[in-house]
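Working notes for the structure below.
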């Protein structure tokens, strides 16, 4: 199944919120997210089954903290193969709503990935600058294979010429929060993904 195209948001159906008035609209419901993750899990399992049998090694999921933590947890459960986790923290965001393009490592991997089948798991790819840097960095560590899975992809990412093997949803350029994505460390705990009311980040 192809990438789901999301072109517009809907008004929240349930007004009772953890953050009253902050969410302008719901872009992806919890049900839509989980259904797509189930599809991604099956696709990834099909693609890596032979490699796992050949190497005898589990698929290594490298997760970029913090936004992708909820996604990778659900994704791992949806992949019908054994997986292992590694965490990396890189930063190109401040307290703004756009990527700065300046990348720095906040936390590196705890193990050698040489000879491993590696799947980078991202929450959202917007400019593609951070992901492009990450791919270059990890490729120097000589994994057996290196691919990317992102839950969300924004239009500008297509111009970055970054190969993304698995995409959950193509979304507009809106600044989104929820399901692990934050603004100033808030809203990660929402079960859905929504657009933030501009008044929140224009204060």
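The backbone N, Cα and C atoms fix where each Cβ goes, glycine too.
Straight from Swiss-Prot, the features:
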type	residues	note
ACT_SITE	126	active site, proton acceptor
BINDING	66, 67, 188	diphosphate binding site
BINDING	122, 123	Mg(2+) binding site
BINDING	154, 175, 176, 182	GMP binding site
**Prompt:** Could you give the maximum C-alpha to C-alpha distance in Å for the residues 154, 175, 176, 182 that bind GMP per the record?
**Reply:** 16
**Asked** Out of 66, 176, 182, the binding-site residues in the record, which is closest to residue 122 (Mg(2+) binding site) when you go by Cα distance?
**Response** 66
**Request:** Whole number in angstrom, please: the longest C-alpha to C-alpha distance across 66, 67, 188 for diphosphate.
**Result:** 9
**Item:** Check: same-chain CB within 8 A of diphosphate site center, minus 66, 67, 188
**Value:** 65, 68, 69, 70, 123, 180, 181, 182
**Request:** With an 8 Å cut-off on Cβ-Cβ distance and a minimum sequence separation of at least 6, pull the same-chain contacts of residue 66 (diphosphate binding site), or say none.
**Result:** 89, 180, 182, 188
**Request:** Give the distance between the Cα atoms of residue 175 (GMP binding site) and residue 123 (Mg(2+) binding site), rounded to the nearest whole Å.
**Result:** 13
**Prompt:** For residue 154 (GMP binding site), what is the secondary structure state per DSSP, taken as helix, strand or coil?
**Reply:** coil
**Fill in**
residue 67 (diphosphate binding site) to residue 123 (Mg(2+) binding site), Cα to Cα, whole Å, comes out at 6
**Message:** Quick check on the recorded positions: of 67, 122, 123, 126, whose CB has the lowest count of neighbouring CB atoms inside 10 Å?
**Reply:** 67
**Fill in**
Students should find that the Cα atoms of residue 154 (GMP binding site) and residue 123 (Mg(2+) binding site) sit apart, in Å rounded to an integer, by 11
**Item:** Inter-residue Cα distance where the pair is residue 176 (GMP binding site) and residue 126 (active site, proton acceptor), in Å
**Value:** 11
**Prompt:** Rounded to a whole number, how many Å is the Cα of residue 123 (Mg(2+) binding site) away from the Cα of residue 176 (GMP binding site)?
**Reply:** 11
